[in-house]
Amino acid sequence: MNPSVPKVMKRENNTHLLVSKEMNDTSLQLPSTTRSLSPKESNSNEDFNVDGNETTLQRISKDYLKPNIGLVLLTVSYFFNSAMVVSTKVLENDPDDIANDRQIKPLQILLVRMVITYIGTLIYMYINKSTISDVPFGKPEVRKWLVLRGCTGFFGVFGMYYSLMYLTISDAVLITFLAPSLTIFLSWVILRERFTKVEALGSLISLLGVVLIVRPSFLFGTPELTDSSSQIVESSDPKSRLIATLVGLWGVLGMSCVYIIIRYIGKRAHAIMSVSYFSLITAIVSFIGINTIPSMKFQIPHSKKQWILFGNLGVSGFIFQLLLTMGIQRERAGRGSLMTYTQLLYAVFWDVALYKHWPNIWSWIGMIIIISATLWVIRIRAANNETTAKDLTPIIDDEENSIPLTEFDLSDSK
């Protein structure tokens, strides 16, 4: 008999013993692993999760949040916009500052807000430099469009800030609801999109709503003088209200141009880059205006409340612009424009919460007219887009899918 055979058999027996021991150890651990599982959990692999809530959250995120992420971003952005608007209203209409000739003007508010916002954009861009290209000025081929976005953005925000001096928060915000109709008109002029009679009629009806907000004296007569507390909420002077409304309409034009430019740029520039140009250009223009316009005086905040309000302007403005740009880039124009109506809910809330002021009957009628006309136009336009082959391709993330503005002589130089 070969003497090596017992050694082999012994080695195999030892190996068998080791394997058996490991299996026994594993089997001893199995009850502790499965003991916490309920019958429902053990019979359903789909619903099983250690936390118990993750699957539900993932399903909600997949079915509702992700498909509508653009709408969510826009809704949240408009909340921060409302916080910024109400801070502006309080700063511009402080009765003590008005009585002592220390009223803070819109350009000063814009300067402070945009300086804070621009600093925030620089910090954000350099922290995320690995994911944001060409910091801090963006790609050379889109810089001229970013500059144009900043210039038109200034007119848009100045129109709103000026109108807040003489109109209620809800009235000033309501005027901006003309932006969707004006955007459609500008799309016809610049992008050569269709502009139907229905859309033209809807725009005219919206203007009727604006007239009810302005309430000119030749139509509504001279209003009775009200107490000083009411004057803080809104002016009773028809001339002041008319000028404020016209400046607000000029701001609406700027907003519409911003929307088209951002849609053209698409994702060729990071959202924060658009905010950066907007804040920088607005700060520069505001600084020049304060130092060249004789009636402008730079007022240093003299109370804790004013410092807090100025700080809120900068922080809320930064978040608003960032989320707004991200939302516009991710959502179709029709659905995205519907979210602007959340601003009205916020505005009425602030008017009531801060000033105990409900809109009067004419403002309510104007509100209903403007909203109804705009919704009507958007609905008709959406229906037409479904039946025509001339739709714009949604912007994804490259230059090929951008709206071809260049063929309309808007980019002469490079």
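From the backbone N, Cα and C atoms, a Cβ is placed for every residue, glycine too.
The region 'Disordered' annotation in Swiss-Prot covers 20-51. Positions annotated as compositional bias 'Polar residues' by Swiss-Prot: 25-51. Positions annotated as transmembrane segment by Swiss-Prot: 67-87, 107-127, 145-167, 172-191, 200-220, 242-262, 270-290, 308-328, 358-378. The annotation topological domain 'Cytoplasmic' is assigned in Swiss-Prot to 88-106, 168-171, 221-241, 291-307, 379-414 on the grounds of sequence analysis.
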Answer with yes or no whether the transmembrane segment (242-262) touches the transmembrane segment (107-127) by the criterion of at least three Cβ pairs under 8 A, sequence separation 6 or more.
no
Sort the residues of the topological domain 'Cytoplasmic' (168-171) into helix, strand and coil with DSSP and give the three counts.
3 helix, 0 strand, 1 coil
Take the C-beta pairs under 8 A between the transmembrane segment (145-167) and each of 67-87, 242-262, 270-290. Which stretch has the highest count?
242-262
Short question: most Cβ pairs under 8 Å with the transmembrane segment (172-191), which of 67-87, 242-262, 270-290, 308-328?
242-262
Write out how many residues of the topological domain 'Cytoplasmic' (291-307) are helix, how many strand and how many coil, based on DSSP.
6 helix, 0 strand, 11 coil
Return the stretch with the most CB pairs under 8 A relative to the transmembrane segment (308-328), choosing among 67-87, 242-262, 270-290.
67-87
Given a Cβ distance threshold of under 8 angstroms, which distant residues of the chain, six or more beyond its ends, lie next to the transmembrane segment (242-262)?
145, 148-149, 152-160, 162-163, 165-167, 172, 175-176, 178-179, 182-183, 186-187, 190-191, 210, 213-214, 216, 235, 274, 325, 328-329, 333, 403, 405
